[in-house]
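K.L.:
Annotations for this protein, taken from TrEMBL, read as follows:
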BINDING   ARG68, LEU106, GLU164  substrate binding site
Amino acid sequence: MVPNWQEPAQRIHGNLSSWLLDPGSLTAKLKGLSQSFHVELLFQREQACQPHEMDFLDINPNTPTLVREVLLHCDQTPWVYARSVIPLTALSAADQTLAKMGTNPLGEQLFTRAGIQPGRIQVASFGPQTRPGRLNTRYFQTKETLWGRRRLFHLQQGAISVAEVFLSPSPCYAKGST
């Protein structure tokens, strides 16, 4: 099932809204809320991205892309599923390290390197039949609707797409949390 990415709606309120619409680094926020933080690499390989990602990135189907999926763990628990799509044509010589992140957090590079501009945020809900929903069910035996956000990060030669979906234990679902 393809996520229905949209501009943030008025119906997203409170704590969830503050997480989805936070313009800063999610990596920095998660590190600040946990004793330990690490990135679990699910996969990273050159492959075709999904049609909705091509549209979002404004690339054609022949553009080679690197797709990276990770789980962001806080205190040994996965809180966030993230999927990054990097058109290889967007990477200058100086940006090549973005294609070799492995278990290093991409967010640290995106928010600390000069010349990278974050774009607007879009949000979507994810049911249990989606990839993040299935991961959530596997880890937490629950089939609730999850929420996520995505945005482009503009480099000198193009843009990369980063989508982040908050799994069940994420504090974004708690009432009155940070």
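Heads up, the Cβ atoms here are built off N, Cα and C, so glycines get one too.
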K.L.:
I'd like the number of other C-beta atoms within 10 A of the C-beta of ARG68 (substrate binding site), please.
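P.N.:
I get 22 for this one.
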K.L.:
Tell me whether LEU106 (substrate binding site) sits in a helix, a strand or coil according to DSSP.
P.N.:
helix
K.L.:
Please find, for ARG68, LEU106, GLU164 as listed binding substrate, the greatest distance between any two Cα atoms, in Å.
P.N.:
12
K.L.:
Return the residues near GLU164 (substrate binding site) by Cβ distance under 8 Å, restricted to its own chain and a separation of at least 6 in sequence.
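P.N.:
GLU164 (substrate binding site) has long-range Cβ partners LEU26, LEU72, VAL80, TYR81, ALA82, GLY148, ARG149, ARG150.
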K.L.:
May I have the list of same-chain residues other than ARG68, LEU106, GLU164 whose Cβ is within 8 Å of the Cβ centroid of the recorded substrate site, in sequence order?
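P.N.:
Those within range, site residues removed, are GLU69, VAL70, ALA82, ARG83, SER84, MET101, PRO105, GLY107, VAL162, ALA163.
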K.L.:
Check each residue in the chain of LEU106 (substrate binding site) that is at least six apart in sequence and keep those whose C-beta is under 8 Å from its C-beta; list them in sequence order.
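P.N.:
In sequence order, THR27, ARG68, VAL70, ALA82, SER84, LEU98, VAL162 meet the Cβ cut-off.
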